[in-house]
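Engineer: One structure coming up, written as C-alpha cells, with questions to follow.
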Amino acid sequence: MQIYVVKQGDTLSAIASQYRTTTNDITETNEIPNPDSLVVGQTIVIPIAGQFYDVKRGDTLTSIARQFNTTAAELARVNRIQLNTVLQIGFRLYIPPAPKRDIESNAYLEPRGNQVSENLQQAAREASPYLTYLGAFSFQAQRNGTLVAPPLTNLRSITESQNTTLMMIITNLENQAFSDELGRILLNDETVKRRLLNEIVENARRYGFRDIHFDFEYLRPQDREAYNQFLREARDLFHREGLEISTALAPKTSATQQGRWYEAHDYRAHGEIVDFVVLMTYEWGYSGGPPQAVSPIGPVRDVIEYALTEMPANKIVMGQNLYGYDWTLPYTAGGTPARAVSPQQAIVIADQNNASIQYDQTAQAPFFRYTDAENRRHEVWFEDARSIQAKFNLIKELNLRGISYWKLGLSFPQNWLLLSDQFNVVKKTFR
C-alpha cells in the first residue's frame with residue numbers, strides 16, 4: 001500500500017487517477033472524514049499492491065532497495081531497467097510488496113459503567129480480525145484476594161467468532177488509582193496470594209480467558225522480588241491449567257532507573273518468567289504535561305533497545321497509542337489537561353480550523369496548531385499512517401514479537417490497513 005501526503009490543491013479524484021484506483025476505494029478504506037476538503041499534510045493510504053517511490057537526489061538502486069528491504073536486482077527486474085541505470089530525480093520506481101512476517105497483536109478495551117457500550121462492542125468486532133488478543137481492562141484485585149470483574153458484554157462471542165484470544169487483565173487499582181499498599185498485600189500475604197491466584201483460574205475458566213495479564217503499577221521498590229516470586233508461582237499454576245501469562249512493564253531505559261513507576265519492574269526477571277511482556281511505550285506526551293508526541297520514535301527505540309539487553313526479542317510486545325492530545329496554549333503545569341482525540345478527530349479539527357498538518361521527523365509524529373472560536377491557541381499531536389509505519393518498521397528491524405494498542409474506541413482505520421498489509425496476525429490454538 002502507498003502512503004500519500006496531501007499537498008495544496010489536491011483532490012481525491014486527482015489522487016485516485018494518479019494511482020489508478022477510485023475515490024470510493026480510497027474513501028472507504030481510509031474512512032476519510034473530509035473527502036471534499038482534504039487537509040494539507042493529511043495522510044491517505046492508497047489501497048494498491050506494493051507502492052511507488054519517486055527518486056530523490058543522491059538515491060541509487062542499492063540505497064532504495066536497502067530502504068525497502070529488497071535488492072537492487074529485484075527493483076531493476078520489476079521496473080524493467082538496467083541494474084547500472086543512473087536514476088533521474090523524480091523517476092518513479094515501483095516497489096513490490098514485501099513478504100509478510102508473523103506478528104502477535106493485542107488491544108486493550110476499557111468499558112465504563114455496568115456494561116460494554118455498543119460503540120466499544122462495535123470497535124471490538126471491527127478490530128478482532130486483526131488481533132491475537134483482546135483485553136478487557138480490568139479485573140481489580142481486592143485486599144482479600146477476590147476480584148471485581150469489568151463489564152464483559154458479548155466480548156466472549158465477539159472474540160470467539162474471529163479466533164481472538166481473550167486476555168484477562170489483573171490490576172492493583174483501588175479508588176481509580178494504582179495502589180502500592182494493595183500491591184504490598186497481594187504480593188506478600190500468602191493467604192491473599194493463594195486466594196487471588198485461585199480466583200484468577202476460576203474466572204478464566206468461567207469467562208473463557210486464555211492469557212492472564214498482570215498490570216501491577218506503582219509498586220513499592222522493596223516489593224520488586226516479591227513481584228518476581230508472585231509471577232513464578234502464577235506461571236507454574238497457569239501453565240498447568242493451559243493458560244498463558246504476560247505482564248505490562250513501565251518504559252525503562254536501564255535496570256537502575258529511579259521512580260515509583262519503574263523500580264519494582266524487573267525486566268530480566270519478567271523476561272525469564274512470563275510468556276511475553278507489553279512495554280508501555282507511550283505517554284511521553286500526556287494530558288497533564290506539555291505538548292509533544294505521545295510516543296516519539298527515539299524514546300520508544302531507547303526503551304526497546306534496553307529491553308533487548310534483558311530478554312529475547314520474541315518476548316517483547318511494543319505498546320502503541322491509538323490516540324493523541326489537543327492542548328490549549330499556553331501550557332501551564334497544573335492547568336487544564338489536554339483533551340484526548342482519535343486520529344480521525346484530529347483530521348476533522350484541522351479541517352474545521354483551516355490548519356495544515358506538519359510532521360516532526362525527529363519524533364516521527366504529526367502535529368498542527370490552530371485558534372478556536374474563543375481565540376484560544378491549541379496544539380494537537382496525534383498518529384497517522386507515517387507515524388504508525390515508523391513503528392512497524394521498528395518492529396521489523398528489531399524482530400519483536402508484536403504490538404499492543406491502548407485503547408479501542410479511538411478510530412484509526414489506517415493502522416489496521418497497514419498492519420494487515422505488512423503482517424500475518426497470529427491466531428492462537430489452545431488445547
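Here the Cβ of each residue, glycine as well, is placed from N, Cα and C on the backbone.
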Engineer: According to Swiss-Prot, Val148, Ala149, Glu174, Asn175, Gln176, Ala177, Tyr218, Met280, Thr281, Tyr282, Glu283 bind chitin; so which of Trp381, Trp406 is the extra one listed there?
Structural biologist: Trp406
Engineer: Which Cβ among the binding-site residues (Gln176, Thr281) has the fewest C-beta neighbours inside 10 Å?
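Structural biologist: Comparing Cβ neighbour counts within 10 Å for the binding-site residues Gln176, Thr281 gives Gln176.
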Engineer: May I ask for the residues of the chain that lie six or more residues beyond the domain 'LysM 1' (2-46) and have a Cβ under 8 Å from a Cβ within it?
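Structural biologist: For the domain 'LysM 1' (2-46), the far contacts come to 52, 344, 347-348, 350-351, 355-359, 366, 368, 384-386, 389, 411, 413-414, 417-418.
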Engineer: My understanding is the cutoff is Cβ-Cβ under 8 Å with a sequence separation of 6 or more in the same chain; which residues meet that for Glu174 (chitin binding site)?
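Structural biologist: Long-range Cβ contacts: Gln140, Glu181, Leu182.
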Engineer: In this predicted model, what is the average pLDDT of the domain 'LysM 1' (2-46)?
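Structural biologist: Taking every residue of the domain 'LysM 1' (2-46) together, the mean pLDDT is 96.
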Engineer: Fewest neighbouring Cβ atoms within 10 Å: which of the recorded positions Glu217, Glu283?
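Structural biologist: Relative to the other recorded positions in Glu217, Glu283, Glu283 has the fewest Cβ atoms within 10 Å.
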